[in-house]
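A.B. asks: The annotation ATP binding site is assigned in Swiss-Prot to 44, 45, 46, 47, 48, 49, 50, 51 on the grounds of sequence analysis. Marked as compositional bias 'Polar residues' by Swiss-Prot: 286-296. Here Swiss-Prot flags 11-246 as domain 'ABC transporter'. What Swiss-Prot records for 276-296 is region 'Disordered'.
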């Protein structure tokens, strides 16, 4: 069975402000736009509004001001069409609930079924292909609570694949997984991007952002910067976004070079995978994106 052909979606978040009933404004005047065929990182400190932004895109909270549209239609239309798929944090899931891997993946088809939720032959074929694509065919009849952290992540990726959404939202997909699983997830996301999906990834893993993302949104109650990795994921913008939270390590001069090369290495980390910058100014792109360009 071939992969479905998607019409590339366009996500527009226009001047969105979300104020909760207790009066707390979680995000304000947030604006950006993205098109299909893109992997975009959503980066910010805890409490910066990332979760609220995700909820507004998923229609779980209604903006007090502004609007969210997918492919020039209100987000409510996209929800009715089941075109937004969500991969949650593992901490948000009750792993003691007795359910099989294949049943979790089948949940991605619920929006396509009638109220009796009896899967069709097509539903079963799509679920089989989704499980195969994330490499869990041998574990399809296992209880999900028995799986490792990385395997659980892949189950929910398979559910998102089965849903056949054009917009995928992933909340901290690399937390608690090993390097091999992280690389497998990245490879899958890149293949989905190449098929035309729009993928928005909330992550604290700064070091991996320039390696697999095309765009980045930096948020701290509002969108501080948004654009291509090479021009937006800079030391200057990260310092603006994270304030004093990040730790800096700088190497320059004879500690780094045998000659008079004026460039410096700056390592920025929030105690997860660090971002490395090598250049003259705080506006230079990350070292990872420079090496990616040289290898392409």
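Just so you know, glycine gets a Cβ as well, placed from its N, Cα and C.
Since we're looking at a predicted model, the values are computed, not measured.
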A.B. asks: Non-local Cβ contacts of residue 47 (ATP binding site) (under 8 Å, 6 or more apart, same chain)?
C.D. replies: none
A.B. asks: Judged by the number of other CB atoms within 10 angstroms, which among 46, 48, 51 is the least packed of the binding-site residues?
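C.D. replies: Least crowded of the binding-site residues 46, 48, 51, by Cβ count within 10 Å, is 46.
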A.B. asks: At a 10 Å cut-off from the C-beta of residue 45 (ATP binding site), count the other C-beta atoms across all protein chains.
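C.D. replies: Residue 45 (ATP binding site) is surrounded by 16 other Cβ atoms within 10 Å.
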A.B. asks: Residues near the ATP site, 44, 45, 46, 47, 48, 49, 50, 51 excluded, by Cβ within 8 Å of the Cβ center?
C.D. replies: 219, 220
A.B. asks: Tell me the coarse DSSP state (helix, strand, coil) of residue 50 (ATP binding site).
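C.D. replies: Residue 50 (ATP binding site) sits in a helix per DSSP.
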A.B. asks: Rank the binding-site residues 44, 49 by the number of other Cβ atoms within 10 Å of each Cβ, and give the residue at the low end.
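C.D. replies: Least crowded of the binding-site residues 44, 49, by Cβ count within 10 Å, is 44.
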A.B. asks: Let me check the 10 A CB neighbour count of residue 50 (ATP binding site). How many other CB atoms are there?
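C.D. replies: Step by step: centre on the Cβ of residue 50 (ATP binding site), count other Cβ atoms within 10 Å, giving 23.
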A.B. asks: Take every residue in the domain 'ABC transporter' (11-246), average their pLDDT values, and give the whole-number result.
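C.D. replies: 92, rounded to a whole number.
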